[in-house]
Structures are given as structure tokens and as C-alpha cells.
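Notes follow once the structure below has been shown.
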Ligand SMILES: Cc1ncc(COP(=O)(O)O)c(C=O)c1O
Ligand SMILES: Nc1c(O)cccc1C(=O)C[C@H](N)C(=O)O
């Protein structure tokens, strides 16, 4: 259905099967929040949960809560709740640490598996994209420098270069499923198969995918995956991240952060490290329980819908946004950097403009929240659980008003976080 008026958007919102879920989030009146791809909105339940954890579990029950409130099991319990959203099986996911740290574990474990197998021990190249989120590249750089075994990182410039770049020397293909800047969505199954054909392993960063697009890790036969809980999963600022290790790799998953939470018997207090047999070997040390506990409130909301419904609405929202911007802002120099094709589009849309930072700040001043990414990119995230069609319509009206009347300050000072 093509939405050509604000009234039509309001009608679409009434008919939207996700409409009721918006009420579950704390969103200020008048705010149009298009940044759920950076920091998801707060579920009302998170406030109640925080109160409970701090008041009762920590305040009253103190140390007993490791057992009585299930604190020790929380990384695996949340992992099992998250698993269906990413096509993982039970006991394949833990919620823990940060995405960067989980990447470190996954890269280290993958290189270790490759190095121990005589058929793959010669492989020295890690392929990723130059447009990947910087932390992914930095973590690979850190490991390769530290290992000092001749690994080399090959940065490819476009997804089309993957086919010609993966070869017999490729140890690892490490990609972000939905690019943080352009919103380009990789075909996980196809790329993983290409990597496997050459004996390489494939690690996926699902930071912009989990809760945003359907993900089928096991179906794609992926090797490892990591991702954020503070974006589309609405787990709160700095919420612990997740790591997926499929059953078929768990026995060989040996990362170097061998802390006691990954030990087979943590309270036996043994002198030597012995990895626990299952997914909990991906853990390292004590987890930030208050932050971890918040994640459940976000995940609970996904149980009221399914990823296909979310995907259908996400595409309708991003289609509407692209159509409206290109229609009402046609006289301005905006360049769409997000793929038009549904097959390769995630759940955010980015436009390039010479004054992108200033324009984003002008939008934020009107309570239309997006963000800025280098170079010259305005990025807008669409979160089907709470973004409405009317939000999209109104956001574009604000954008065109700001552009038409040049209501932005070209010399505005940059904030640290853009
Ligand atoms: C693709 C991707 N990976 C990783 C991260 C962040 O990792 P961390 O939570 O370790 O800061 C982000 C965003 O912050 C991201 O977009
Ligand atoms: N992780 C963030 C942070 O620590 C501060 C501000 C923003 C973020 C983000 O989530 C950035 C995000 N990964 C991005 O895609 O740009």
C-alpha cells in the first residue's frame, strides 16, 4: 500500500498489528525517535525490573540472589530467550560482555580452530569490509598483532568484491550482517557458503540485525556470531552483548579470556582452567547483573510478535521514508546511500548531504532524533515495535522544512557523540 497522505499513515497505524506494542515503551510526547539502531527506547517494564532488582534482589537478598534470583544463570537464560530471534538453538547463546570483547573471543577461537587443523593451518588472511564498524576491524587488528603469526587483514571496498577476494589463503570472513552506515544487508547463507567452499570460517556481527531483520544462523551454517542488546533489542545503554557458538563448534571453542565463569566448576576453585563443556565457556568473569537484568524486559516484547511481522513493517517504514524524502526534498542534494532493494536493506536509512551534521542537529532540536555518521551521513533507524507510519511522515515534513528554509547552522560545533 502506497501511503500518500498523513491521514493514510494514521489509518495504516490503526491497522498495524504492532500498534499496541508502542504503548510498552517510554517515548516522550512529540518525540519522533529514529535512533533505535543506536540506543533502543526504554520498555516501561525495565523501570519496574530495575526497581525490583535494586530494591529486592540486591537491597534485601544481597549475596543470596546469585542462587535465589538466578543471577548466575542469567547470561544463559537471556541467551535462550534471544536464540529464536537469530535462528539459534537452545544453549547456543550467552548474553555477556561487550560486542567488541565477544568479537575478540570469536576471532581468537576461529583462528585457533583453523591453526590446529593441518588442512587450514596455512591460512593467513582475515577478510572484512573497509566500511565495517571500526571496532570490528580494530579487534581483528589487535588479535593479529598480538598473535604475531603472520595474519593479515584484507579490507574489501564493496560486497561485490567478496566473491573474488575469498580464496585458499582466507582463514576468516568477518562481516557485519547489516552495515552500520549504509544499511546494506548481506546474504548470510550465500556468503557463508562462499567462505566454506574455500575452507574459511565466517563470523557475523549482528549489531544492526538482532531484533531488526530475520536472522537464520543455523540455517546459514554460520560459524560464530556476536551482537548488541542495546539497539533493536532495547536492553538499555551499555547493555551486555551476546555471542553465539553453534553446538557443532562448542567443543573446539577455545578463546584466551579463560576466566572463572567459563570454568567447568567455578566454585571448585581449582588451580587450572578447564573449560565448561557448553556455551558457558564463552563467558569470562562476573557480569554486570543490573544491566543484564534490564535486557529481559526488551526481549519479553518480542514474544508478542515474530520477526517476519517486524520485517514486513520495517520495509514498509523504510520504503515510505525513502519515497517521501525523494519526493518532498527532491530539490536538495540528498544522496541515498542505503540499498533500494529489499533483499539488501536492513532497518535504517542513510542519506548523504554536505551539511548532514548541521541538519541532524536541527532535526534533534525539533525532537526528531536521528544521528550523524562520517562522512556526511544522516542516519535514521526504524524500529517496528514503536516507530509509526505517522512518525515517518512527520519526520520528513520536518526535514523538508529545515532544508527548504535552510534552518540549520553550518558552523555548529560537533558534540563528542554524533
Ligand atoms: C556493527 C557494530 N559492532 C559493534 C558495535 C559496538 O560494540 P561495543 O558494544 O563493544 O561498543 C557497534 C555499535 O556500537 C556496531 O554498530
Ligand atoms: N555504542 C555506542 C556508544 O557507545 C555511544 C554512542 C553510540 C553508540 C552506537 O551504538 C553506535 C552504533 N554502533 C553505530 O552504528 O554507529
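Every residue gets a Cβ built from N, Cα and C, even glycine.
Note that TrEMBL annotation is computational and uncurated.
Going through 68, 176, 318 against TrEMBL, the one listed in the pyridoxal 5'-phosphate site together with 99, 100, 133, 134, 135, 136, 205, 208, 230, 260, 286 turns out to be 176.
When the neighbouring Cβ atoms lying within 10 Å are counted for each of the binding-site residues (133, 260), the highest count belongs to 133. Take 99, 100, 133, 134, 135, 136, 176, 205, 208, 230, 260, 286, the residues named in the record as contacts for pyridoxal 5'-phosphate: the widest Cα to Cα gap among them comes to 30 Å.
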